[in-house]
Amino acid sequence: MAKNLLIVESPAKAKTIEGYLGKDFLVKSSYGHIRDLAKGDMAIDIENDFAQKYEVPADKKALVAELKKLAKAAEMVWLASDEDREGEAISWHLFETLGLKQEKTKRIVFHEITKPAILKAIDSPRTIDYNLVNAQQARRVLDRLVGFELSPVLWKKVKPSLSAGRVQSVAVRLIVDREREVQHFNATAAYKITAQFTTGKGKETVKAELPQRFESEADAEKYLKDCLNARFDITSLETKPAKRNPAAPFTTSTLQQEASRKLGFSVARTMQVAQRLYEAGKITYMRTDSVNLSETALNAAAAEIKSAYGNQYHQQRVYKTKSAGAQEAHEAIRPTYFDKHSVDGDISEKRLYDLIWKRSIASQMSEALFEKTTAQITASTRKEYLVAEGEVLKFDGFLKVYLESTDDEDSDDKESSSILPPLAKGQELFLKEMQATERFSRPPARYTEASLVKKLEELGIGRPSTYAPTISTVQNRGYVVKEDRDGKQRNYTSFVLADGNVKKEIKSEITGAEKSKLFPTDIGEVVNDFLVEHFKGIVDFNFTAKVEKEFDEIAQGLQEWTKMLHSFYNPFHSEVETTLENAERATGERLLGTDPASGKNVYTKVGKFGPLVQIGELDEEEKPTYASLMRNQSVATITLEEALELFKLPFSLPDFEGKEVLVGVGRFGPYVKWGETFISLPKNEDPLSVTYERAGQIIQEKMDADAPIAYYEGLGVTKGKGRFGPFIKWNDLFINVPAKGYDFENLSQADIDALISKKVEKEANRYIKTWDEEKISIENGRWGPFIRFGKLMLKLRNNEATKQKYTAEELADVDLEVIKKMIVEQVPNAFEKKKKAPAKKKAVAKKK
């Protein structure tokens, strides 16, 4: 038995570290948190200073038992979870749950998984930092209190099964507010003047733009007509040096933003890939708001820059962290070894590492030097001047490696700087073409995941560890969707001066198209409005930022965490009670107008199964009629005319191949129903426009898709594409079709035979013994046999008779009761029947 037990969070991290330490160390993983607040109730005793009730989840009981046994046998236990508050809390939970003793427990931290960093950490251990633990506990308890007390309010006043979180609610509010800004925005038009000149010396071209814009078509046209016979001269020429500095190395938020812009990664994907790179020892810790680089890193970067590019490309830079609440002693995200320009791994890991390496190296490189020229060009017939700008790169500096992206959506309206030909003040230029183009003001840009992270950081809301979970949660809860949306066609006017004439043209463009933007759902808007009305503090930006600062103060030992919770909870709980008693039910109901056919009011609102339109009143004798909104419609924007159209659904079409055909819209969107088969319409297809011919085409496409592409042992084989890529289906088995070695569109019978036979063999070897009625099986896994109980994967104990692991023959004959005993050891209440809920008391009639 090794003298030392070192515990980290993840198996990948454990595997990397194990290679750095000798035989005296056994490295084990806790697989994240080993315990959490108990489920089923709040698990917080408010009256007892917010004392928490923790429990070890069923799927962690076997692991905890194993770690306890190993810890008891070890001379020293090293807690090596991450260096942030969450990591500190994991170490504390391990210390408490495993019953460790202070004198034989050491806490170590490191921000990179390299041999020197691990050995240095071993040489400088510390104790658990309870200030960090308290800061994490305060956040966890506060978020549990908010969720546990607020969610039932939403169930009663808005819709069942809803939930609300503290930071998530603020994120939803930002998205709702931005959407309303966009919806209420009225675009204004103005005319942009651009011109192309020649110098008269061959084909050298000068592009210029008028700095101001004309608000009216008449003024724009007049300007061009005034320029018909004008002479154009350079009345001012200025050339001056310019420089550009590199960006700071990555923090969590800037990495998320840049990976979104350059690589198209979601925030969650960025963090998952960065986690793998960190655990493999390739980059430093990826949850940080620091832009600092260590002395070692600065020296390593300098050596690599000088070696790869030359001394003139190096310039040491020390960046200062702007975030007031920057967390404890972190470094910026950087490669662990600067001389490794690339790494092994999957394509995502390679691309993200390349981004991190380039940004880190560039941050220590020389500035880029330019020569910028600005020329003012004046028409003899007008007092305004056009401006031509150009720049020449004199020394590339950090641009040799890296250029930062931006979120500027107006960049296409700006003429990019180009290289100008040699020019002189007083020189005449010759007009080749001039345009006056109608341009429209733009609404504020909807948030992307990355720009939302940037906004949250600017407001001081959340921390590096919370950005990705926040954005995932608001989408998972159905309050926000991330999607592409088609734009609309818009006409605009253009005047062109060329060949001695001014010609007017009406052109068209697509405007308002969105890609991977965040939109609030109808239920997201209703919940947001309810919270804004009744729980202003929860969705107030300044209040939420203040709470984050208080967490920082707790982490620094400047504030007592239970005192902070009391100051929050008491007024919050009072708001909950008042709202439950007095608030009206919220549906986002909006009166659209009157139905011409019946004279009844038409409403739109969010109902039990989603957004709908209602004709009639609930309290009338004749019940209201309802219709669901379509995917591309919203309670906030639907018109009376659009609402009335929905009541034409469902409608029948003539039978197709002897079966009834119905077109309608339901919980999952528009559909064609053929007999008992529901077929979803393609995205953005209007169900009201579906003809008999189109319905027949949709049905035929479905039949073709479901038709067997081959047969195996007399049973049909179909194919499709799902969440995990292309697959074939045979006898209720789904079989993934790998890209390597197979052409999915042209699978041969030999391909299908090979795929199915391999899967059948794998499935046959998977199950050692099954008890279907009990939902219990013994299966072969990657690390050996295990018990599957429902959805749980449980440890298979040693054979009590032999005290050794079960052999394959023994497992084939093992008794069910023996396996049940193992299950109960890990899931104590596994086979206890759930108690029936007590019968509800009859409501007492109110006295009149």
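Cβ atoms are placed via backbone N, Cα and C, with glycine included.
Check TrEMBL against the ranges 121-126, 163-168, 481-486 and you find region 'Interaction with DNA' recorded for 163-168. Ranking the recorded positions TRP155, TYR285 by the number of CB atoms within 10 A of their own CB puts TYR285 at the top. A sphere of 10 angstroms centred on the C-beta of ARG140 (site 'Interaction with DNA') encloses 17 other C-beta atoms. Mapped onto DSSP helix, strand and coil, the region 'Interaction with DNA' (163-168) counts 3 helix, 0 strand, 3 coil. For TYR285 (active site, O-(5'-phospho-DNA)-tyrosine intermediate), the nearest neighbour among the recorded sites HIS33, ARG139, ARG140, ASP143, ARG477, judged by Cα separation, is HIS33. The average pLDDT for the region 'Interaction with DNA' (163-168) in the predicted structure is 90. In this structure, the C-alpha atom of ARG477 (site 'Interaction with DNA') lies 14 angstrom from that of TRP155 (site 'Interaction with DNA'). Taken residue by residue with DSSP, TYR285 (active site, O-(5'-phospho-DNA)-tyrosine intermediate) is part of neither helix nor strand, so it is coil.
Look at the recorded sites ARG139, ARG287, ARG477 and count other Cβ atoms within 10 Å of each Cβ; ARG477 has the fewest. Cβ environment of HIS33 (site 'Interaction with DNA'): ALA89, ILE90, HIS93 lie under 8 Å away, each six or more residues apart in the same chain.
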